[in-house]
């Protein structure tokens, strides 16, 4: 254990340490740091600018102002080093010691440290078991506190005001001791006997019954134990000596004109010293008590202000009314020490400039302006000039460079050769925001950037700037080249897809090149090889789009990368595709380019090349693609004019038709047939459908044209309309944008997100009238406002994500767990959105995958599923696979390689040392920013899906019904009477291809196991209401339904039928408030019908607004609808819901009105209602019934007598993740969070691999709550690291003791970051004061396991090459003898020597 201050003093930083501990400083320790006491408030003499003696800048205490020169000038120069001048008392040494030598102030009266007093919960208050207010009254001299009551009736710790104190003095004389101020508190703190008090609390806790009391006691117990364990003395929370910061860290700089710029700390220190000296004088003079008291109070306040200004009372302000910056402010916040200087530093050897396009560059190159290169590589050039003998001294070299002589440029070219530079564009949202390139010297002043890396940087050329950094050391250059070179980052770490993908012009060119035109010149020609095709095209005897026959040779290589085999055959293709085949790497099949190359196809092509031909070929190919694409886009001459936006002829009649329907509904509304809500929903549905129809008609018009083929027949082909080409290829624009240009703009949203009923029927080509323009401004302006706000939000989300996951690194190969998550394909409706193959790609199988039919092992556990395996999955008929996951990984610190699976950016199993936590955080955070920036691109056009009201099978197959209860209606249809049921359609392999959720009350026209054809309707329901279905038959009996009190009737004018509506309890007259309207069913004998299998009578409770469709005394058959409950209208989906939604999920916030889940499995019954709540009881098979109170306005989805499973939904709503974890377990929780977050991102078309989300969830599940401490050292109710509990339980198991029992906890990312083991990481994240206070009191140790802590203390991070460095360091320390393999430094020295020797030989030649 070494004192950190001493470690820092001994200039050699080679001191090895593995942990940093933070504790309270004892007065003696503060004195031991100090080089002398600061006695005077003076700073420097304003005439001579020399520091005053004994003042805040005193040279005697803090060291000389100039290097090796004492203050009076008697000793100068190095030869007197270490001498202390007898005249001025200054030690002759480096002036840098003024940055590290501390002083101290001996306080005349003890002072409480404000952090331990006011940082909540107050540590002093908790320790003494007093309220903060009481302690403050004592400290600030308002009341006396009894320290020692003696034989009197007073109690220890009792507060007395002045009157009471004097009364007590009269009554008891001096039998008792009462004081005020910090001395009193210090005396009390000294009196507490820790061991005894802890013993007392440990006995008291089990005997208390009240929850709050137990919480309070265990908190106090924890604090006392912390003091006991850490060896802190509680009295040290009161300070007797104040340390003084070294003067160069609070500088005083003379400005011209005799004024000084000073650090606020000097003012604060001056205040303290002034008051302290005055207090000393008053004490010497034996001044009256009241004056001394006042002075002590002022001293306390001035020390408070110095430590944390503004925490108590008003902040002390300087001359300009600005609060002074105290010590606490120096370390916290964005401008504080942690974030400004320790985690983010400015670096030298860097420059920045505007970027322009470099379409002629290779992927690994960037164009660097000569001027910049000269400046950046100056030192290298100087040394080269000197070594080459062109310049004798550095000064001469400098002159040559300044004059820019020709030989300088030659040397620059030499220096720059193969020396990578790093290019960075702010904001750096993921690791691809910094990449390495080899510089090419260019004229001009702008950096040239390769177009293909723009996607990774999110750069465009409208004035963006980029920064250049030069890696200096050999290791840095090596890492830049092997890890950061643009050519080594072809795949995105977020999803494993290529990120070096052509966009815009290139896509347009390649698409244009590979399109076919019927009847093009030269159609039907036959060519013997590619050269002939090229010649024919070059002489314009054949069109680029003509369909021709070409003889091509394809190569193939067998699996092990052995011999090439070739096959030559004639392909029927187009000229453009044949030409494109020329640049495809050897061994790629022709069919990859034998299609119109849209953006998706190009991405797939690059992916295929990467998987089959490796990195090098991919990079060369990507470059070739780019050159080809640019050339052909230019050559195609694609351009757009207003006439390219073709408005469909059918638009008018579609719009008119929709208007008719809307009129019809308006009429129904005005005659009272539909409610306003229903009208709104229906109108919006009508317009959504009309908009889609217009869009379809318009796309059909734009996308097809008729052409005359060689036989002279008219045929239809894809059109060559430029707008269509651009959208179809994915170069620019989307169907949604074309719809607004040439279809109709459609429904618009108000700024609050609700949709305006009247749509904009015009489009941009026709032009908008004033009203339409006005309506559309709403959405557009909201989009712009959102963008500005969301960027900040998204950046903050990323910061929290990085903070929670930064210490997660791959630390071992395999933890050996059998656990994992079960993955299924994601199916929404009739479409497989994410196939099983996509989900398990790059994962390791946790349990053997077995063929359900034959019990053969299809895939053994421990297999890493690559593309080849996943291709075979489709035919295996497997519906789920258990794969390893970061969440179930059992590695203590970090994750193991097998649980993580494939490194997405490299395409092989992840290496030990990869910082997967940070990668995950960046992968999730980066698109967040992108998304938020993309709200307004569709200009607020309301994209609202029409309500789903039926299920039609898309592909044929077998129907499977999942967890369903249904009753058969008299007409033979089945009616669903269960909640979370679903209908799936399985194909011939038995794999489910379609999956539909079925709501309660849906009518099914098929049964389980039926075969259905594609297109068959299988289920239907009313989306706007929630029905109540009779599960048994009987005669209706109304209960508590009184006209005007609980129900009112209204007669439908069109049909003459009357319907009954239940009045909401709030709007009922007082006498009807407590009534519970319900419907009972009677049998023939007039007895109550009971549910089958129980003796509970059937009763259907009806909530407010329910519309009853039966009459009292009427007959009801099985499966018939008794009543309908209207469903509220839904809002508009936009990422505005998206980003906050992601934040809510990661913060594990409880939603406002969460779904209510069944806590146990059992039967439902309703009890007596209370005011505003309903009582619902679940009775399990064995055990006590469980009562739940549910607010009346919640729609309860279960009926009396139903049986529910643990964790089933009782009342609908957004799920509460904490409930899912508690009732359903970790795997379900992981599934829920992953699915929810993926939904948000998928809506925006962003692909993120599940494993990134799992990594974050793992970090959120780090803590557990102890439910029973067993024989462990934990306290019940404590939150402890999961790993700690596992270690402790393992130890207890070996000793045959009772292990601790615990519940897993889900913490939000902010909470999890603050609850991390490392206090350095937590303090640099948020709430610095609180974190440090707590860490100091408990004497926390930081073992520097994460990345952040190591950056802060200035070491290599324990990830990547740093992991090896730290392992090596530990090994060296454990056996110092074996330095068998040399350090990187030695190797570099040796290499350098050899290279120099070689260079010398070259020069001789």
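Note that Cβ sites are derived from N, Cα and C of the backbone, with glycine treated the same way.
On a predicted model such as this, the values are computed, not experimentally measured, just so you know.
As given in Swiss-Prot:
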- 70, 72, 85, 88: Zn(2+) 1 binding site (BINDING)
- 460, 462, 464: Mg(2+) binding site (BINDING)
- 815, 889, 896, 899: Zn(2+) 2 binding site (BINDING)
- 1363-1388: region 'Disordered' (REGION)
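Annotation: 464 carries the greatest number of neighbouring Cβ atoms among the binding-site residues 462, 464 [cut-off 10 Å, Cβ to Cβ]. The sparsest Cβ neighbourhood within 10 Å, among the listed binding-site residues (889, 896, 899), is found at 896.
Cα distances from residue 462 (Mg(2+) binding site) to the binding-site residues 72, 85, 88, 889, 899 are smallest for 899. The secondary structure of residue 464 (Mg(2+) binding site), as reduced to three states from DSSP, is coil rather than helix or strand. Cα separation, residue 815 (Zn(2+) 2 binding site) to residue 72 (Zn(2+) 1 binding site), rounded: 67 Å. Least packed by the Cβ count within 10 Å, out of the binding-site residues 85, 88, is 88. Each residue contributes its Cα atom, and for residue 896 (Zn(2+) 2 binding site) and residue 460 (Mg(2+) binding site) those atoms are 39 Å apart.
In this structure the alpha carbons, written CA, of residue 70 (Zn(2+) 1 binding site) and residue 460 (Mg(2+) binding site) are 58 Å apart. The two recorded residues residue 85 (Zn(2+) 1 binding site) and residue 464 (Mg(2+) binding site) have their Cα atoms spaced 58 Å from each other. Long-range neighbours of residue 72 (Zn(2+) 1 binding site) (same chain, six or more residues apart, CB within less than 8 Å of its CB): 85, 87, 88, 90. Annotation note: residue 815 (Zn(2+) 2 binding site) sits in a coil segment as assigned by DSSP. The Cβ of residue 460 (Mg(2+) binding site) lies under 8 Å from the Cβ of 454, each of these being in the same chain and 6 or more residues away along the sequence. Same-chain residues that are not part of 815, 889, 896, 899 yet have a Cβ within 8 Å of the Cβ center of the Zn(2+) 2 site turn out to be 812, 814, 817, 884, 886, 888, 890, 891, 895, 897, 898, 900. Each of the binding-site residues 70, 815 was scored by how many other Cβ atoms lie within 10 Å of its Cβ, and the smallest score goes to 815.
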